[in-house]
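Undergrad: Below are the features I grabbed from TrEMBL:
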BINDING   A:HIS93, A:ASP95, A:GLU114, A:HIS131  Fe cation binding site
2 protein chains.
Amino acid sequence: MKKPQDKTARMTKALREGGVRVTRQREALLKVLTEAADHPDAAELHRRAQVLDDTVSLATVYRTLTVLEREGVVHRHSFESGGARFEVADPVHHDHIVDIDTGHIIEFRNDKIEELQRLIAAEMGYEIVHHRLELYCRKLA
Amino acid sequence: MKKPQDKTARMTKALREGGVRVTRQREALLKVLTEAADHPDAAELHRRAQVLDDTVSLATVYRTLTVLEREGVVHRHSFESGGARFEVADPVHHDHIVDIDTGHIIEFRNDKIEELQRLIAAEMGYEIVHHRLELYCRKLA
DNA sequence: GTTTATGCAAACTCTTTGCATGTAG
DNA sequence: CTACATGCAAAGAGTTTGCATAAAC
């Protein structure tokens, strides 16, 4: 069982070492991000962060998310509808299943599919820098 | 060698049978779409369609693309940056490699990867309705 | 003739930015 | 103390929409 506070501590350390200032607002956002079990968008992160610190503005949420993404501690996804959604970067890459009826997002990882992608790209003379695989699904009866 | 005019003819037929009116503007857009070897966005399609019919407005381009997508003759993609990009629906599904240096988009199809996706979804109790696989790549040296 | 599509401009959503002020290191 | 981060409001990009007019069937 990984404790969220450990994650936050590791993240703030990584940020400071990257020359990034850890402000009250950024601490609030980091806490909200590490505690999120879902994939919230910027507005939702703003709402959650304001509970912890009501001075957090939406502009800062966006600016901070950009910084966190650049520092590699957050991943940005854009699923089929709506704006960008965010999650704390997982050291192990995973893909997503989107339940088109409920909107729920499920993570999965499959080494075979990762390897196949690498092979396909290589056959075409390419090396994968990053990729995106989303399965839009419906629950089986 | 498939002739573009055949494609357009088939598409207009499908549209009329779907109760959709085929206007001058829609004809221009269909022609531009079938002749496109790339994946243009709405603004680019607007530019190209205006060469054929200068009364085509951007609003109509958007409205028509929505109709064409609903009728199944066009696919809409949203790659990592910029707005939506469109292509005539391919009867055989394909995925995309995006060259991150040039922006070029290459299509590919791989049955094994399609099958793997189906298996993964099934294992989680899901059936795939549609999916999206994009490989953001760099040319190998 | 009816019903649907169009152009235009305004509105909308999501995101970014300029600027004066605040604050982390 | 100085450089960087912030809030606010305004601007931006991409897309949609209300309305009066035009045209497909």
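Backbone N, Cα and C atoms are what each Cβ position is placed from, and that goes for glycine too.
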Undergrad: For A:GLU114 (Fe cation binding site), list the number of other Cβ atoms lying within 10 Å of its Cβ atom.
TA: 15
Undergrad: In sequence order, what residues of the same chain, 6+ apart, have a Cβ less than 8 Å from the Cβ of A:HIS93 (Fe cation binding site)?
TA: A:ARG109, A:GLU114
Undergrad: Under a criterion of Cβ-Cβ distance under 8 Å and sequence separation of at least 6, what residues of the same chain contact A:ASP95 (Fe cation binding site)?
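TA: A:ASP95 (Fe cation binding site) has long-range Cβ partners A:GLU107, A:PHE108, A:ARG109, A:ASN110, A:ILE113, A:ARG132, A:LEU133, A:GLU134, A:LEU135.
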Undergrad: Could you name the residues, excluding A:HIS93, A:ASP95, A:GLU114, A:HIS131, of the same chain that surround the Fe cation site, i.e. Cβ within 8 Å of the Cβ centre of those residues, in sequence order?
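TA: Here the non-site neighbours turn out to be A:HIS94, A:ARG109, A:ILE113, A:GLN117, A:ARG132, A:LEU133.
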Undergrad: Using DSSP and three states only, what is A:HIS131 (Fe cation binding site)?
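TA: Strand, per DSSP.
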Undergrad: Looking only at Cβ atoms, how many others are within 10 Å of the one on A:HIS131 (Fe cation binding site)?
TA: 19
Undergrad: Which three-state DSSP class does A:ASP95 (Fe cation binding site) fall into?
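TA: In the DSSP reduction, A:ASP95 (Fe cation binding site) maps to strand.
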